[in-house]
Amino acid sequence: MNQTQQYNLETYVGTESLTEDDYHRLMAVRRRRTTLSVLAVLSVPIDLEDLAEAVVKWEENEAAIDETSIDQIEIELHHIHLPKMDNLDVIDYDRDNNRVVAWS
């Protein structure tokens, strides 16, 4: 998977109840779109580390993946993107256990 893959933004579970403004805020950042695409093909619950690795694989050439990239994305997901998606009720993110436990 890579960044040339198409995003089908209308089919994300949980986004249909968002206001137009919230939907555009959610989808404004490529990393969130990628994360939603990854979650659409993986089973939840999923650990943050596994999700970060899958996001790296989606965005980059799998041969170029390193632990530093995974760690950076894991931090970004934990502190920025997953809480925003959780606040919008698109996902259920368990911050204490670092797991996306459900689609909303």
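Placed from the backbone N, Cα and C atoms, the Cβ positions cover glycine too.
According to TrEMBL, the features are:
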- 25-100: domain 'DUF7344' (DOMAIN)
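When pLDDT is averaged over the domain 'DUF7344' (25-100), the result is 92.
Taking H, G and I as helix, E and B as strand and the rest as coil, DSSP gives the domain 'DUF7344' (25-100) the counts 51 helix, 8 strand, 17 coil.
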